[in-house]
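> Quick one: this structure, given as structure tokens, is what I'll be asking you about.
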Amino acid sequence: MSRDKKSSAPFVRESTGLVKSVSALDVLAFTLLAAGPLVLIPLGVLTLPSVYEGSSLFVIFGLSLPILIALAFNTVALSSTMPRAGGDYVFGSRVIHPVWGMIPSFMALFSFVVGIGTLSVLMLQAFLGPAFLTSYPQTAPTIASIIYTSKPDLFAISALLLLLVFGLAMISNRAWFWFIRVLSLIAFIGVVVLSFYLFSTPHTVLVRNFDTQLATGFNTSQVYANATAEGWSPTVGGSPLTTAGAMVFVFFFLAAPISAYFAGEIKNTLRSMSVGVIGGTLISWVIAAMGVAAFFIGFGYRFLSAYGFDALVNPATAPSGAFSVNALVLAAVVNPNTAFFIGIGFFLAVLGLVAAPILPASRILFAWSFDQLIPRRFASVSDRTHTPIFSLSVICALTIIVAALDTYLSSVLGSFLATTLIVAIAFLPNGVTSLILPFKAPSIFQTAPLTVKRSIGRLPLITVTGLIHTVGLGAIILLVFLNPASAGTSTGTLSAGALAVVVVGLLVSVVFYPVAKAIRRRSGVDISLAFKEIPPN
């Protein structure tokens, strides 16, 4: 009997060389930046009342919460059951099929590379520039030249910032996570200060400050007039479709399951990820909801709807700082230095969002390499730094190329990237994996921590959360087609080109494993054997 038990248990290989150095606090700080609540606030204030006008804030955040919790629980459950580098790739490939692991990991890697590259440019133009222009208008000639006019300067700054965050990840996991902690702390302090002013300052005072400062070049009456002339209407009511679209917008800022990709480096995986992922998701949800609500209460929904409409329909005003959230911040805090600190906090939050996918992206390449899908060099780990320097270098080079493309071809590039659809496809497979784990791979499920093996009646808890996860993400994918404004493209449409990018990405992820298997077989190597075991810790 003991022999039968031994043969049915999953086989585990030797160590990878990666070191368990990531703490619960690290995962929490990582989740707070990767989830993006501190970025959702300034963008949501402009987008939710304008693009999704009439939608209830309570309904929007309420609808997103069950899917967020299910996603977070499944991430913790799978990561603590199989705490390995590669996350979703390992989960899907060992529980269902190698192709099922390739789909989320390939689509996630694509979104990471594109997201890091494009955000490195966006954070300068949409956050750093307006922070200076609003608080210190005397810097306008210099800022306009460096960030908005000179493309070589813009690209150079973006590339330098990318080299900084990638360099830290290469030098030391500890240095990189301390960097993440500092970014989280500064951004969080800024939001706390801003929320205090918004909740404590009467609406009439905020309006008077806005009209007196004229940081946008418009007073409140002119904001309404300008928006109305562009086609805005204050009487647009919400609909199920616009509410669902707003929920999708909120969900994708707050969903942060990507720490699973470096789960093998997390100390006490179950406890650390429970605190960091589930706790971080809930904290992110509260921060985002309170932050957006503070703006709505302070300035009023109708004004923010017109203001956001001006910002999104008339983007040519952005270089002058008009219709940025920074003008609203200045009206709330009055002091330009305080407004600048808060603006820099938002910028650092976006920098954190840029940095967050770096480790997950490199660990995807690492895991593929360890299973011999790609050259072994991608799985090499430095004896001195204990980091996969080669994988990080490749991701760094790819993101700098994307940053260059976005700098010079932003209007073209953005129209082809349906980010909502790409990320939804990347996140969905783990729902199915969680749903069927107890039945498809009982030997793996039996090794899970007791918390993961809890049941609701006769159904394993992970099956229930897997069902919520799968149905929720499936509904989001459907909603993108019903409401193309939620697609995540820069044009707010789901063009044939954007769909083609998604389809090509899916096709590549599906054929990647069979092609790699055929190539390796010519060399006398059967890589399918690797998927009959759990990869090393």
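Glycine is no exception: its Cβ is also placed from the backbone N, Cα and C atoms.
These came from TrEMBL, pasted as-is:
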type	residues	note
TRANSMEM	21-45	transmembrane segment
TRANSMEM	57-78	transmembrane segment
TRANSMEM	99-128	transmembrane segment
TRANSMEM	154-171	transmembrane segment
TRANSMEM	178-199	transmembrane segment
TRANSMEM	241-263	transmembrane segment
TRANSMEM	275-299	transmembrane segment
TRANSMEM	339-368	transmembrane segment
TRANSMEM	415-439	transmembrane segment
TRANSMEM	459-482	transmembrane segment
TRANSMEM	494-513	transmembrane segment
> How about the transmembrane segment (415-439) with the transmembrane segment (21-45) - do they touch, taking at least 3 C-beta pairs under 8 Å (6 or more apart in sequence) as contact?
no
> By Cβ distance under 8 Å, which residues at least 6 away from the ends of the transmembrane segment (99-128) in the same chain are close to it?
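Hits for the transmembrane segment (99-128): 42, 86-93, 147-148, 154-155, 157-159, 161-162, 258, 261, 318, 324, 343-344, 346-347, 350-351, 353-354, 357-358, 360-361, 364-365, 367-368, 395, 398-403, 405-407, 410, 413-414, 417, 419, 422-423, 425-430, 432-433, 505-506, 508-510, 512-514.
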> Does the chain bring the transmembrane segment (178-199) near the transmembrane segment (21-45), so that three or more CB pairs sit under 8 Å (pairs 6 or more apart in sequence)?
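Yes, the transmembrane segment (178-199) contacts the transmembrane segment (21-45).
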> Relative to the transmembrane segment (57-78), which of 21-45, 154-171, 241-263, 275-299 accounts for the most Cβ pairs at distances under 8 Å?
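Highest pair count goes to 241-263.
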> Which bits of the chain, at least 6 residues beyond where the transmembrane segment (154-171) starts or stops, bring a Cβ under 8 A of a Cβ in it?
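Distal contacts: 116-117, 120-121, 124-125, 146-148, 179, 351, 354-355, 358-359, 362, 385, 387, 389, 392-393, 395-396, 399-400, 403-404, 407-408.
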> Do any residues, 6 or more residues outside the transmembrane segment (275-299), come within under 8 Å Cβ-to-Cβ of it, and if so which ones?
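For the transmembrane segment (275-299), the list is 24-28, 30-32, 35-38, 40-41, 44-45, 48-49, 57, 61, 64-65, 68-69, 71-73, 75-76, 79, 188, 191, 194-195, 198-199, 201, 203, 206-207, 250, 253-257, 259, 307, 328, 331-332.
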> With the transmembrane segment (459-482) as the reference, find which of 21-45, 241-263, 339-368, 494-513 contributes the most Cβ pairs under 8 Å.
241-263
> Given pairs 6 or more apart, does the transmembrane segment (21-45) have at least three Cβ pairs under 8 Å with the transmembrane segment (494-513)?
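Contact between the transmembrane segment (21-45) and the transmembrane segment (494-513): absent.
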> Quick test of the contact rule: Cβ under 8 Å, at least six residues beyond the ends. What residues does that give for the transmembrane segment (494-513)?
98-99, 102-103, 105-107, 110, 373, 415-418, 421-422, 425, 480-481, 484, 487
